[in-house]
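Visitor: According to TrEMBL:
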type	residues	note
ACT_SITE	Glu111	active site, proton acceptor
BINDING	Thr33, Gly34, Ser35, Thr36, Asp89, Gly90, Ala91, Asp92, Lys102, Gly103, Gly104, Gly105, Lys129	substrate binding site
Amino acid sequence: MAAELSPIDKAKFVAAKRAVDFVENGMKLGLGTGSTAAWMVRCLAERIREEGLRVTGVPTSSRTAELARSLGIPITSLDEARWLDLTIDGADEFDTELNLIKGGGAALLQEKIVATASDQMIVITDAAKSVTQLGAFPLPVEVIPFGWQTSKALIEELLVSMDVLNRDCSLRMNGDAALITDEGNYIVDLHLKRIGNPRQLAMVLNQIPGVVENGLFIDICDIVIIGHGDGRVVVRDINTGDVQDDRVDFVPSDNIFADMGE
Ligand SMILES: O=C(CO)[C@H](O)[C@H](O)COP(=O)(O)O
């Protein structure tokens, strides 16, 4: 018997399930990271099992690679695949232009490379992540460990020069130690509250020595799918301007919980 999902998990599930409708036979797919993307991986595995869908996935983190492998999804590296048809991923915030903050799960570097290598990016999310202005969610910046305190000081100086009022920056921890990303780097979280010009900030942050990448995804996302706890999904395409209001059956099959030990 399938476990009862919380309203937030139902919202994530229906968004993920609707996104997987966009997947076609033979596609090379970027597989995002996080709890919403994990639902997408489970829904994709279900289509592979039940319909014999043929796809190859490029995971954006070791966690997603492990989940995809455990569910029997064929995966490869981006270097093998080279170019992808579609990436489906979650986000921490999205604005009306579908600019994003990502990296809450520390996978922003691979996520940005994979999304940029894709013809299309679909973001799956719940409504709570919709904002008029990005920045309430701390902006993750991936820095190399060598001289990270200097990189952090340079980030703080940059924020002063941009007249950013809230500019508290903190090293992301994992217990007592710095969190280490899949690429062996650190994450500095920028608590900005509001980001006035995300496009400019995304560009200038990456000029700082030691900064590898930042979590602002500008002009990368094409479609956002917003799930709701009652099974409603809103699909918004930034390129065509289309908005569809849909419904998805939010009762997942029993074996979709296979990797969750339920
Ligand atoms: O950017 C990410 C990981 O680096 C995730 O997509 C983002 O943090 C959203 O995660 P969740 O779906 O668990 O809310």
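Backbone N, Cα and C atoms are what each Cβ position is placed from, and that goes for glycine too.
Curation plays no part in TrEMBL annotations; they are all automatic predictions.
Values in this document were obtained by computation on a predicted structure and should not be read as measured data.
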Visitor: Give me the largest Cα to Cα distance among Thr33, Gly34, Ser35, Thr36, Asp89, Gly90, Ala91, Asp92, Lys102, Gly103, Gly104, Gly105, Lys129, the residues the record lists as binding substrate, in Å as a whole number.
Guide: 16
Visitor: Other than Thr33, Gly34, Ser35, Thr36, Asp89, Gly90, Ala91, Asp92, Lys102, Gly103, Gly104, Gly105, Lys129 themselves, what residues in this chain have Cβ atoms within 8 Å of the centroid of the substrate site's Cβ atoms?
Guide: Gly32, Ala37, Ala107, Glu111
Visitor: Using CB atoms and a 10 A radius, I'd like the single residue among the binding-site residues Thr33, Ser35 with the highest neighbour count.
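Guide: Per the Cβ count, the most surrounded site is Thr33.
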Visitor: Which binding-site residues from the set Thr33, Ser35, Asp89, Lys102, Gly104, Lys129 come within 10 angstroms of the residue listed as 'active site, proton acceptor', judged by C-alpha positions?
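Guide: Passing the 10 Å Cα cut: Thr33, Asp89, Lys102.
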Visitor: So if I measure Cβ to Cβ from Lys129 (substrate binding site) and keep only same-chain residues at least 6 apart in sequence, which ones fall under 8 Å?
Guide: Ala91, Asp92, Glu93, Phe94, Phe137
Visitor: Can you count the other CB atoms that lie within 10 A of the CB of Gly104 (substrate binding site)?
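Guide: Excluding its own Cβ, the number within 10 Å is 22.
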Visitor: For Ser35 (substrate binding site), just give me the three-state DSSP call.
Guide: helix
Visitor: When you measure from the Cβ of Asp89 (substrate binding site), how many other Cβ atoms are you left with inside 10 Å?
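Guide: Asp89 (substrate binding site): 32 neighbouring Cβ atoms within 10 Å.
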Visitor: If you count Cβ atoms within 10 Å of the Cβ of Glu111 (active site, proton acceptor), leaving out that atom itself, what do you get?
Guide: 32
Visitor: Long-range same-chain neighbours of Lys102 (substrate binding site), Cβ under 8 Å, sequence gap at least 6?
Guide: Asp89, Gly90, Ala91, Asp92, Leu108, Glu111, Lys112, Pro140, Gly215, Phe217
